[in-house]
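Quick notes on the structure that follows.
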Amino acid sequence: MNQQPRALLTMPRFSLAKLPTPIDELPRLAQELGGPQLLVKRDDLTGLATGGNKTRKLEFLIADAQQKNATVLITAGGPQSNHCRQTAAAAAIAGLDCHLVLGGPRQPPTGNLLLDELLGATIHWTPKLQRNARMSELAAAMEADGQRPYVIPVGGSNSIGALGYVAAMFELVEQLHEQARQVDRLFFATSSGGTQAGIVLGATLAGFAGRITAVSIDQTPDDSSEEKFLAGVCSVANGAAELLGAHQRLRESDFDVNYAYLGAGYGVVGPLERDTVKLVARTEGLLTGPVYTARAFGAMLDQIRRGDFAPQETWLFWHTGDETALHAYAADLTPL
Ligand SMILES: *Cc1c(COP(=O)(O)O)cnc(C)c1O
């Protein structure tokens, strides 16, 4: 177990998360599958308008916004974005205004979108491919109006946000050490890549020895080739290493991404997600969300069903928290 870099401990951080999040066992599910021992890291319990992986990123992003004397946050995502929901909540806590650019078409307020509105965010509908341009336009208009906007990229996935998952990896390694556990494989959902960048860099710095597999949830048109996606993740990770004054640098070959579970695309709930939501809920009383965690969890279960494990292994699923979207997908989850 390695020490956290001093720069990570002293980095400006706005407290939002309830840490450490617990590691729970999933014994009934493991027994039903006849697979490896299964653990879940409960980042659905981070707090911040329920919880999720964006809480850890936002601790560093909000601190940076405050250092820059920002008065308003701007970010973007899909209509059911967990990142937007959590950014709206963080803005409320930090006393900042929040503008969300959501990829249209406009939807009725349910799931995360309902929560965005309740949390007081101003919503701007835009075609998906124009989200970044719309964020820049909004920022320019606000500046001209004397406000101080702070733009957070989609998913909070820049090097500052990724620090949240560098710190999270140190947290995990310390918990495993205290609990005298070893984890052979770790699975989680990747999309904009900041979580993955932080986890893989954090694993290198903290000395985590297990294999880390990120399950791709979507391929957006602008990163439709695997190489391009990984180039982005790699540069976010290396930017984070630089912020920490760490000498380590990662290469694309250091990242393991599974692109085999994209189904019919981002946010399209298919049998994998539907069956996983129900199985995990009914065996363990644990909720997974339709867009991210059920897909990634389902991918992990598929590997187990294919017999791709050794009997003594322990696998850990890193729950990134998206059950608030379930209601918006009720129709896709039936028959119940
Ligand atoms: C955003 C999100 C992810 C993916 O994290 P990235 O850092 O964008 O790759 C995974 N799970 C959930 C629930 C999310 O909201």
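Positions of Cβ are set from backbone N, Cα and C atoms, glycine also.
Lifted from TrEMBL, the feature list:
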type: DOMAIN; residues: 16-321; note: domain 'Tryptophan synthase beta chain-like PALP'
type: MOD_RES; residues: Lys54; note: N6-(pyridoxal phosphate)lysine
type: ACT_SITE; residues: Ser81; note: active site, nucleophile
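The residue listed as 'N6-(pyridoxal phosphate)lysine' sits 10 Å from Ser81 (active site, nucleophile), taking the Cα positions as reference. Here the domain 'Tryptophan synthase beta chain-like PALP' (16-321) returns a mean pLDDT of 96 for the predicted model. Neighbour density around each Cβ, counted as other Cβ atoms within 10 Å, peaks among the recorded positions Lys54, Ser81 at Lys54.
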